[in-house]
């Protein structure tokens, strides 16, 4: 789609072009594994992200989200498996490759003495040689500040920004090279509700207007549902669910939670056919059934159930009904 | 323009911005001037003492050494410290995430540290010229010597600073470096001619660059006759170039290897871990 971004630029060593980008995913991993010492953190992750797509990577702490992202960013060498990011193996990614990535990590506190606009201008300069006719690099600092709502703080010293403002500056810096692919690691931690909403609007604008693919991690399921075209749940170093919000919701809405008491003892069951199940309950136990409650399972419930099952070791294989949601 | 040249130019801008920050900020300026101000006050009180075997003021004799020491502090030590701090707050990782960012980062760092070290030498020199007699900075040759000694000294010191800053993981770890440097200052003839020290101590001092930087600066600022009080009764310019040159070569060979190894290990989780440790320390 955007092969022009791989054009040879003067002054850079000639780099073989990756095969035609037509249908090539922006991120593609096969059997990605990571092992620290004797502990396996990733057990074969297969992940695809396409141009302009927003994918949310969910999972409990220690599920391997950060490790996955750091491998994709080229900050960490994998133990095994195939990885292509923008058509390049991140372990061999050169500076021209890096120029097409935007990275927003959790814990930036850097450049505290710099002024907001000064820093954005400065970091933008490095991207100048990597511009293409279709994608001018870098972003204009003033325009970018407007985009993240920091125009009135342009001359502020970075160290004096509030938590939410700092985070928005981090996002602006991640965007300054007008990336084809943006990594957002828990972008809205510490945001107040208004800042969060503004940020969500920004992310939607980015993927719509700039055709930027975004891979974000979050603990906020509402956020994932609102922002992401597709949700990937990682638990215990494996992908246990992969599908867009509607598909996942469709998958789970057939299931419902049935709560009831029988002879004073409480039961909770998750069933496909709630009505049939309840009919059966009454047919079998009649008067003994009380406190009946039928509830559709929310995304949060699915997430909690899956993660809990993985953590307690009851499930070692991904549930077949959730992994292969077709794209 | 090649992408690397773009990064070098961005690095020049970076160096200027950081230099401006450290010279317009009271706290930074104090840390640049702290050592020479204290030392000048002490030596002013001792100005009536003389260098053994001469009628020359010990206070005046110590000025070049004090300024040399300040170059070590503001060049080498401050570079090492800022490298560890930049790793703690993610500045270095930011450079790594930017195309050719490390080139710009290092260019800027070397430049801003050089600027600060030069300022740290020149500014205390002004009151020193009024307070102490006998400094000779009227001739062109004095300034020529001062410039080449300072330039060579910085080329020798900055790579060492980069290595130290890469090896020590935290700003706290750098504390272990400051102590030996203070001891080195004691034996390197900053305040007192080392010709008065036991011979083994003289040899020890002459291994390290601080002594030679001080000697070179003394040769630039003091009257020719004072050479008689030095080891070998000479300013020993050739030896100065030799020893500082060797340190420079060793540092320039070692620093890129160590820096690359350090940068390769940087990642978001590494920064997060370090940040957590730093927070635990302050609690």
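Placement of Cβ uses the backbone N, Cα and C atoms for every residue, glycine included.
These figures come from a predicted structure and were not determined experimentally.
Within the set B:29-46, B:47-64, the record from TrEMBL flags B:29-46 under the feature transmembrane segment.
When Cβ distances are compared across the two stretches, the transmembrane segment (B:110-132) makes no contact with the transmembrane segment (B:241-259), since fewer than 3 pairs at least 6 residues apart fall below 8 angstroms.
With a cut-off of 8 Å on Cβ pairs spaced 6 or more residues apart, the transmembrane segment (B:241-259) and the transmembrane segment (B:144-168) reach 3 or more such pairs and are scored as touching. It is B:66-85 that, among the stretches B:29-46, B:66-85, B:174-194, forms the most Cβ pairs under 8 Å with the transmembrane segment (B:144-168).
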